[in-house]
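A.B. asks: Please read through the structure below; I'll follow up with questions.
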């Protein structure tokens with residue numbers, strides 16, 4: 001950003017020769033503006049050229065232009081394209097996150113099916129009912145999470161603008177970043193799986209409950225695709241990357257923000273045996289969001305990874 005100000009350049013009464021020289025190089029004599037200028041006056045001169053002068057009978061003023069940093073520029077001119085100021089106050093980030101975890105995420109993601117079974121008076125839900133119930137619970141959690149983030153955002157911040165690409169992010173291809181990120185994620189997950197097999201022994205990569213749901217009916221398959229490939233990626237990337245990572249980034253470096261948000265993302269799944277793998281996934285998704293400044297990139301990577309998991313479970 002460039003700011004221009006009129007500043008006293010030469011007292012015309014002391015440097016008459018200089019005053020005549022300034023007039024010859026584009027100075028303006030007896031301009032009405034000079035009547036309001038004094039040696040201590042600072043007025044904008046953006047509409048003039050940076051080489052312009054204004055002279056009166058006593059003083060001459062020159063237009064000086066300086067570059068200033070904007071607080072809305074990306075927090076780092078290197079890797080991260082995210083803005084340094086988040087739409088949420090730093091003092092409410094953790095209370096908002098705690099409310100989401102204990103009032104929305106855990107009750108709906110881990111207790112939603114039990115509630116449905118209780119309402120239907122069924123000890124165990126059939127696979128198709130379970131798939132439809134899971135779709136309903138995740139959709140409700142997504143809507144509630146968006147309303148929560150909207151209500152806790154700063155008054156001057158428009159929540160819809162939060163999903164728009166920043167100036168620097170428009171210069172970086174989020175689609176290319178998604179392809180590279182997915183390939184890198186696949187490689188890391190494969191390597192960590194091999195390492196885990198050597199350390200703790202091999203384990204079944206398939207989820208038998210999920211496999212039963214996928215094989216039950218076409219309705220179940222469609223519900224699973226909607227949940228794992230659309231709703232869950234949008235929900236988790238909005239909360240853990242768009243909200244949590246961006247908020248932490250306003251007070252620390254992007255590397256620390258990625259690590260902290262990834263650890264919370266992994267812990268939120270309540271799966272000790274998959275903690276490391278989920279943490280790595282969170283780091284890749286966080287880095288893609290920082291580099292592109294666009295939530296579309298981590299959402300697409302997340303969706304592709306879940307689609308690959310569904311395909312492996314279905315075909316194996």
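Heads up, the Cβ atoms here are built off N, Cα and C, so glycines get one too.
Any TrEMBL annotation is an automated prediction that lacks curation.
Pulled the feature table from TrEMBL, pasting it below:
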- 98-120: transmembrane segment (TRANSMEM)
- 132-153: transmembrane segment (TRANSMEM)
- 174-193: transmembrane segment (TRANSMEM)
- 213-231: transmembrane segment (TRANSMEM)
- 221-308: domain 'CAAX prenyl protease 2/Lysostaphin resistance protein A-like' (DOMAIN)
- 243-268: transmembrane segment (TRANSMEM)
- 274-292: transmembrane segment (TRANSMEM)
A.B. asks: Per-residue pLDDT averaged over the domain 'CAAX prenyl protease 2/Lysostaphin resistance protein A-like' (221-308) comes to what?
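C.D. replies: Summarising the domain 'CAAX prenyl protease 2/Lysostaphin resistance protein A-like' (221-308) by its mean pLDDT gives 95.
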A.B. asks: Against the transmembrane segment (243-268), which of these stretches has the most C-beta pairs under 8 Å: 98-120, 213-231, 274-292?
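C.D. replies: Comparing 98-120, 213-231, 274-292 against the transmembrane segment (243-268), the winner is 274-292.
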A.B. asks: Among 98-120, 132-153, 213-231, 274-292, which stretch has the highest count of C-beta pairs below 8 Å with the transmembrane segment (174-193)?
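C.D. replies: It is 274-292, which has the most Cβ pairs under 8 Å.
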A.B. asks: Tally the residues of the domain 'CAAX prenyl protease 2/Lysostaphin resistance protein A-like' (221-308) by DSSP class, grouping H, G and I as helix, E and B as strand, and everything else as coil.
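C.D. replies: Going through the domain 'CAAX prenyl protease 2/Lysostaphin resistance protein A-like' (221-308) residue by residue, I get 74 helix, 0 strand, 14 coil.
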A.B. asks: Give the one range among 132-153, 213-231, 274-292 whose Cβ atoms make the most pairs under 8 Å with those of the transmembrane segment (98-120).
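C.D. replies: Going through each listed stretch, the top one turns out to be 132-153.
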